[in-house]
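Engineer: Annotations for this protein, taken from Swiss-Prot, read as follows:
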- 74-120: region 'Disordered' (REGION)
- 76-120: compositional bias 'Low complexity' (COMPBIAS)
- 139-159: transmembrane segment (TRANSMEM)
- 191-211: transmembrane segment (TRANSMEM)
- 251-271: transmembrane segment (TRANSMEM)
- 280-300: transmembrane segment (TRANSMEM)
- 321-341: transmembrane segment (TRANSMEM)
Amino acid sequence: MASGQMAPSLLRRPITFVSSCPPALRSFGALCPPTGSTDLIGGTGRDILIAAAPARRAPLHATLPLLRSLHTSPAPQLSASHQHQAQQQQQQTKQPQQPYDPQQDQVPSTSTASSSKPAADPVYNLPNAVSVARLVSGPLIGYWLVQGHYEAATLALAVSGASDWLDGWLARRLGASSVFGSYLDPLADKVLIGCVAAALLMNGAMPGWVAGVVVGRDVLLVAGSFVFRLRGFGWRWPGAAAFFRTVDTSAAAAGAATGAANGVASGGGGGGEGVSFMRPLLISKANTVLQLLLLGGYLLRGMDGGAGLQLLLPGGGGEELIMGLELATAATTVASGLAYGTMAVQGKLFK
C-alpha cells in the first residue's frame, strides 16, 4: 500500500467525541458543546480528512424541566409575627437548659384548684381571741357572784358585753370572718349569760322563770346549730377540724360534698361549704343586748342592798325598769327562738 494512501479499514472508522460536561447535562446540547461522531474519509500522509456529523441537540420539551429544577426560588417573606416567633426560638436555643425539677410535674389537687373559697379558715386571729376571752370570762364572773363580789362582777360583765360588739367589728374590719368564728361568737354569749344567770339564780337575785326562758332558749339554739351543721356531713362526725373548717383535710372536702348533696336533696342548705356560716338574726342581737342589760340590773340591785341601782337611777324607778327588761327579754327570747326554728326548717339557718 502506498504511503500516501490510508488503509481501507481506516477510511470509514468513526471517531466519537467525548464531552467534558456532567452526565446529567451531557445529552442537552443547549447547555454543553455539541457532541457527535465523525468519519475518516481519507487523507494522505499525516493529513486526515474528517467529515463531522451534525451535532445532536436535546429537544426543547426535555430541556425545560431541567431548567426549572435548576432554578432556585427566592426565600419566602415572613410576617412580623413569624419573625418574632423565630427570634424567640433562637433566644430559647441560646439559653442554658435548666435542671429537671420533679416538683414541676406534680398536678395540683382538683378540689383545691376548683374551689372558689379557701379550703381552710383562719382560726388564730384577733376577733376569735376576743370571743374566747368573753367565753372564759363567764365562769369567772359567775364565781365572783357566788363569792359576793358584785362590784368586780359588774365591771367584768360590762367589759365582756362590749366585747360582743368588738369581735364582730374586728372581723368585718380585718376581713377575718370564719366558720369557726360564726360558732364561737354566739357560743361565748351563751356561756357568759348562762353562767351569770345561774349564779344569780343561786343567790336568789333572779326569778326562776326568767332564768329558765333565757338559759333554755340558748341551750336549744346552740344544740340546734350543731345538729344542723352535722346534718350537712351526712350525720357523721367528720372531726372538729373539718366541722369548723379550720384545716384543709380530705374529710372536710368529703363532708362538703356530702353536705351539698344533702342540701339539694332536702331543698335547703345543710351546712356544707357553700352554706357553712351561722346566720345571726337582728332580733337575736336585740335579745342579747336586753339580756345583758337585765343581768346588769340584777347585779346593781344586789350590790350593797341596791346601792348600785340607786346610784344609776337616783330618782327611783329601778324596780320598774327591771320589770320592763324582764318582759322585753322574755318576749324577744321566745320570738328569736321561733325565728331560728323557722329558718332551720326552711334550710336558711346557715349562709
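Glycine is no exception: its Cβ is also placed from the backbone N, Cα and C atoms.
What's the neighbourhood like for each of these?
Structural biologist: Beyond the transmembrane segment (280-300), the same-chain residues lying 6 or more positions past its ends with a Cβ under 8 Å from any Cβ of the stretch are 145, 150, 153-154, 157-158, 161, 164, 185-186, 189, 193, 196-197, 200, 205-206, 210, 214, 306, 308-309, 311-312, 318, 321-322, 325-326, 328-329, 332-333, 335-336, 339-340, 343.
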Engineer: Using a Cβ-Cβ cut-off of under 8 Å, list the residues of the same chain that are 6+ residues beyond the ends of the transmembrane segment (191-211) and lie near it.
Structural biologist: 134-135, 137-139, 141-143, 145-146, 153, 157, 160, 218-219, 288, 291-292, 294-295, 298-299, 301-302, 326, 329-330
